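Novice: Pulled from Swiss-Prot, these are the listed features:
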| type | residues | note |
| --- | --- | --- |
| SITE | Pro91 | site 'Important for tRNA non-discrimination' |
| BINDING | Glu176, Arg220, Ser364, Arg368 | L-aspartate binding site |
| REGION | 198-201 | region 'Aspartate' |
| BINDING | Glu361 | Mg(2+) 3 binding site |
Amino acid sequence: MYLIADWRRTHYSKDVIPEMDGQEVTLMGWVHSIRALGKLAFVILRDRAGTIQAVVPKQKVDEETFEIAKKLGKEDIVAIKGKVVANEKAPKGFEVIPIEIRVLNKADAPLPLDPSEKVSAEIDTRLDKRFLDIRRPKIQAIFKIRSEMLKSIRKTFADEGFIEVNTPKLVASATEGGTELFPISYFEKEAFLGQSPQLYKQMMMAGGFDKVFEIAQIFRAEEHNTRRHLNEAISIDSEMSFVNEKDAMAMLEKVVYNCYSDIEYNRPNEIELLELNWEIPEKTFDKVTYTEAIDIAIAKGVEIEWGEDLSRAAERAVGDEMGGLYFITEWPTQTRPFYTLPHKHDNKVCKAFDLMYKELEISSGAQRVHKYDLLVQNISNMGLNPDSFETYLEAFKYGMPPHAGWGLGADRFAMVLTAQDNIRECVLFPRDRQRLTP
């Protein structure tokens with residue numbers, strides 16, 4: 001066994017090309033596979049960027065190097081210093097002949113999970129051994145695309161003059177008055193894990209920040225057990241002053257469009273590896289009102305009445321009709337939180353919207369109430385006590401501008417981008433009703 005000592009990686013696997021014939025390289029990673037055939041050994045080394053083949057001919061390497069190569073096991077951690085040799089018959093037009101191999105760590109055998117993907121495993125098994133599962137190239141591709149998504153979103157917000165903020169995740173009361181909260185002991189008080197940064201975003205509008213965004217955890221104590229729900233999720237939230245819901249929708253369109261464009265440009269290998277049918281959407285998405293969505297659902301045989309939230313059957317019906325990315329707008333006021341602004345001409349309808357991808361909701365937003373008296377009235381009308389929102393309401397007494405915003409589910413959006421049908425595939429260590437480890 002060796003320490004890394006004075007060795008340092010000089011290249012990732014993807015950086016080595018046939019034109020480097022004769023050049024010395026130092027590679028580091030995992031043994032993806034090993035074949036020893038008499039006086040010849042083939043070692044496939046895997047790193048973050050892909051795989052590369054090292055060929056170990058007994059007559060061209062010293063005896064110690066050949067013996068080390070023969071005894072390698074799958075997933076051993078190795079460092080290989082060798083020379084690039086152009087070879088048209090090799091898989092990538094070259095191979096690496098080792099000068100020295102250092103075994104940095106041995107992997108136990110048998111492996112509880114096969115990162116080479118030759119043996120499939122159920123998702124629960126994969127999540128139990130997630131550290132092995134994420135070695136798989138296709139799983140890494142999901143998270144590289146997710147990383148590119150977050151990078152693109154931050155860049156778009158920065159280009160548009162937004163300030164990134166961090167709001168508390170330990171809170172004294174519910175954001176929306178709901179019961180979907182995780183209570184915790186906070187010294188001598190009861191506290192909760194935050195279910196949304198919504199109230200804080202609005203308070204920052206009163207503070208004159210004008211445009212803010214946050215990318216952070218939210219916690220929902222919902223007893224769902226579906227492929228699209230988790231109890232800990234990443235939410236991408238934004239809020240803007242002196243705008244309405246249409247401006248907020250336009251900003252969301254820009255964020256989503258730029259994600260598709262940036263991923264196509266920066267992650268073509270991952271798109272190919274996942275065999276994604278990649279299409280950059282139009283810059284402006286289709287829109288359908290809630291009333292029109294209800295009509296579509298009823299026409300397709302779904303039993304639903306105006307004023308009800310859309311059921312799964314209704315979402316599927318509308319998704320089948322609309323396809324791709326689209327907004328549902330002008331929701332019934334009774335279906336939305338107290339801070340949503342009703343339409344002036346018809347207070348039964350509010351200035352709220354959802355962004356859908358087929359049948360999946362990925363974002364929700366609205367123009368907010370910015371008048372103190374109306375906000376207090378809305379809170380009371382929903383059976384909540386305004387006193388519970390005292391610190392929030394105070395921000396509306398001393399000059400709150402009109403404002404609007406939205407929250408985009410990062411995990412669900414990653415599902416859409418990578419064409420996964422289970423949200424757990426897009427979260428490193430998902431938390432649901434059954435899973436609290438690893």
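In case you wondered, yes, glycine gets a Cβ from its N, Cα and C as well.
Please go over these features one by one and say how buried each is and what sits next to it.
Specialist: Pro91 (site 'Important for tRNA non-discrimination') falls within neither a helix nor a strand when secondary structure is assigned with DSSP, and so counts as coil. Counting every protein chain shown, the number of other Cβ atoms lying within 10 Å of the Cβ of Pro91 (site 'Important for tRNA non-discrimination') is 11.
Following the DSSP three-state reduction, the secondary structure of Arg220 (L-aspartate binding site) is coil.
Through the fold, the region 'Aspartate' (198-201) approaches residues 165, 167-168, 175-176, 212, 214, 237-239, 337, 339, 389, 392, 405, 407 of its own chain, all at least 6 residues removed from its boundaries and within a Cβ separation under 8 Å.
Secondary structure from DSSP puts Glu361 (Mg(2+) 3 binding site) in a beta strand. Other Cβ atoms within 10 Å of the Cβ of Glu361 (Mg(2+) 3 binding site) number 16 in total over all chains.
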Novice: Going by Cα-Cα distance, pick out whichever of the recorded positions Pro91, Arg220, Arg368 is nearest to Glu361 (Mg(2+) 3 binding site).
Specialist: Arg220
Novice: Might you list, by sequence position, any residue in that chain lying six or more from Arg220 (L-aspartate binding site) with a Cβ less than 8 Å away from its Cβ?
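Specialist: The list for Arg220 (L-aspartate binding site) reads Glu180, Gln195, Asn231, Ala233, given in order along the sequence.
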Novice: Measuring Cα to Cα, tell me the gap between Arg368 (L-aspartate binding site) and Pro91 (site 'Important for tRNA non-discrimination') in whole angstrom.
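Specialist: Distance (Cα to Cα, whole Å): 58 Å.
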Novice: Which entry in the list of binding-site residues, Ser364, Arg368, has its Cβ near the fewest other Cβ atoms, using 10 Å as the limit?
Specialist: Ser364
